[in-house]
């Protein structure tokens, strides 16, 4: 059946290509159709031709050279340097003879691409190698280098994975698509361990696979993967909406226990979730609480990950097409639009989203081709969950920092490495640069620095204002001199014993990491301030402190339990959240186009989810459901 489809596609391609094009072979690689040719320049010079063929066959098409026409790598390197302007600042060139691609890493990748792709086409024409152009981040990133190295070293294995996947995807559906159902396997009427299982007569897809970092035990920390209808053997695809551990943290487990299929996400999500998963493993090891997977399973997931840009339509199963749209939550966060069958049903899973532009990101997308079912988060769905404006939140932060510095104190801001940390860095950089906040050192601890490096490698995912600032004004706030990377415990002691300063450190809920160590050092001094800017889950130390706990039993540096008396100033500043508040959630339902027929709510405490569902139904007369974990809902 697959061979019949491939032969049909080949015939269409051959009929449409000019006769002088020498096609060596056509094959499936994952969701793409790859054409290997002995004279690729003829095709690449006519971009509209391939675009039109792709539209006709409804598949993504990649053009590569046949191995027989590839230039010797050493000669190709010299030729590439002749073609590409020196201003591009090429940092590395490597060759993948499995895919016949040349990987070019540069500080200014746009100059390697050239106007309308002109420079890239020259590289193909003169060397035969198909250029794959990557940005060299201004901040060196160990994670990005490890991922790129893994993909280079395992290119042959990855091609085999993609070919097998291509054969799986490009089959004709066996059954009519007359039903679709969703099973809540985590993150429903709760926050954490998000996991949603989509079943159709032909396919099985998992949307997110997270952990609850504040769960306490295995029963409450991990998704319900033991439901009878779920098996790894039957799973066609996994979609990860964004990198936070409550959405991606349990993904390596699937590979540990036999899953060998694809993961779909944006490129920033792949990079960031790899960072967070490796850190999760490291912390668990240090705390002698091993996880049910290890580093090699993270590596395996990287090899199976297929990255997609926003708006890129991709076949992920014989009867399902996926398109990712901006969610505005963190870098690379996405809403997943799933087109089931020949349009019999369309659903959107929002993941976590922010329906407001921030300094860091654009507002979440709200226009889709079709929607029958919307699965939407409800983190701040309670009627009282109205957050102040960003401007007001920033003023409140400045006020708190100013008063603390006047007392000679230090400001500890526990943050997630990804999202709020970068938002705050942009705010602090501007206010210190313009003199609104006194120039004091801002210490960056934990994974935040590495996460910053990933942000600098993916500027196309940042807000337009920030992109303009970086590219047109030459000002990148992430590499400002006010920020200092913390290296090791000795430096942390110097910071807490030193002059007034601002400390940004993980974890965001004080559930571990270096922020907890800073808290223990600083909490008994009333001159210091602890500022919460993000969500504090029920059961976390952060939530207990918010509730007013003044005596906190924790292990000290000698691993002995002692009670810490909290005397520092505690401040919670709403408005920096990467989640939509109550007004934004209601506005999103009002503005989304087209209107869904039904809405399922997830990712919210029990009463907030129910409160939001009731309000949506009363206001918009749209059917709403609030499934519990383990419940299944038929959506078609």
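For all residues, glycine too, the Cβ spot is worked out from N, Cα and C.
Residues or ranges marked as Zn(2+) 1 binding site in Swiss-Prot: 242, 244, 329, 352. The feature Zn(2+) 2 binding site is assigned by Swiss-Prot to 246, 247, 352, 603, with experimental evidence given as support. Per Swiss-Prot, region 'KHa' is recorded for 3-70, and the stated evidence type is sequence analysis. The region 'KHb' annotation in Swiss-Prot covers 71-138. What Swiss-Prot lists as region 'Metallo-beta-lactamase N-terminus' is 179-383. Residues or ranges marked as region 'Beta-Casp' in Swiss-Prot: 384-577. What Swiss-Prot lists as region 'Metallo-beta-lactamase C-terminus' is 578-636.
Shown here: features listed in Swiss-Prot, placed on the structure.
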| residue | record | DSSP (3 states) |
| --- | --- | --- |
| 242 | Zn(2+) 1 binding site | coil |
| 247 | Zn(2+) 2 binding site | helix |
| 329 | Zn(2+) 1 binding site | coil |
| 352 | Zn(2+) 1 binding site | coil |
| 603 | Zn(2+) 2 binding site | coil |
Exercise for the section: Take the Cβ of residue 603 (Zn(2+) 2 binding site) and count every other Cβ within 10 Å, whichever protein chain it belongs to. Expected result: 29
Practice task
Can you tell me which binding-site residues out of 242, 244, 352 are within 10 A of residue 603 (Zn(2+) 2 binding site) by Cα, answering none if there aren't any?
Solution key: 352
Completion exercise
Rounded Cα distance in angstrom between residue 246 (Zn(2+) 2 binding site) and residue 352 (Zn(2+) 1 binding site) is 10
Handout entry: C-beta crowding around residue 352 (Zn(2+) 1 binding site), within 10 angstroms
Key = 28
Exercise for the section: Helix, strand, coil: count each for the residues of the region 'KHb' (71-138), based on DSSP. Expected result: 32 helix, 19 strand, 17 coil
Handout entry: Tally of residues which DSSP labels helix, strand or coil - the region 'KHa' (3-70)
Key = 33 helix, 19 strand, 16 coil
Exercise for the section: Report the residues of the chain - excluding 246, 247, 352, 603 - with C-beta within 8 Å of the mean position of the site's C-beta atoms, for the recorded Zn(2+) 2 site, in sequence order. Expected result: 187, 191, 192, 194, 208, 210, 241, 242, 244, 351, 377, 379
Exercise for the section: Identify, in sequence order, the residues in the chain of residue 242 (Zn(2+) 1 binding site) that are 6 or more apart from it along the sequence and have a CB within less than 8 Å of its CB; answer 'none' if there are none. Expected result: 248, 265, 269, 272, 273, 327, 329, 330, 332, 333, 334, 351, 352
Practice task
Specify all same-chain residues, apart from the site residues 242, 244, 329, 352, whose Cβ lies within 8 angstroms of the center of the Cβ atoms of the Zn(2+) 1 site, ordered by sequence.
Solution key: 241, 243, 247, 327, 330, 333, 351, 353, 419, 578
Practice task
Measure the Cβ-based neighbour count of residue 244 (Zn(2+) 1 binding site), defined as the other Cβ atoms within 10 Å of its Cβ.
Solution key: 29
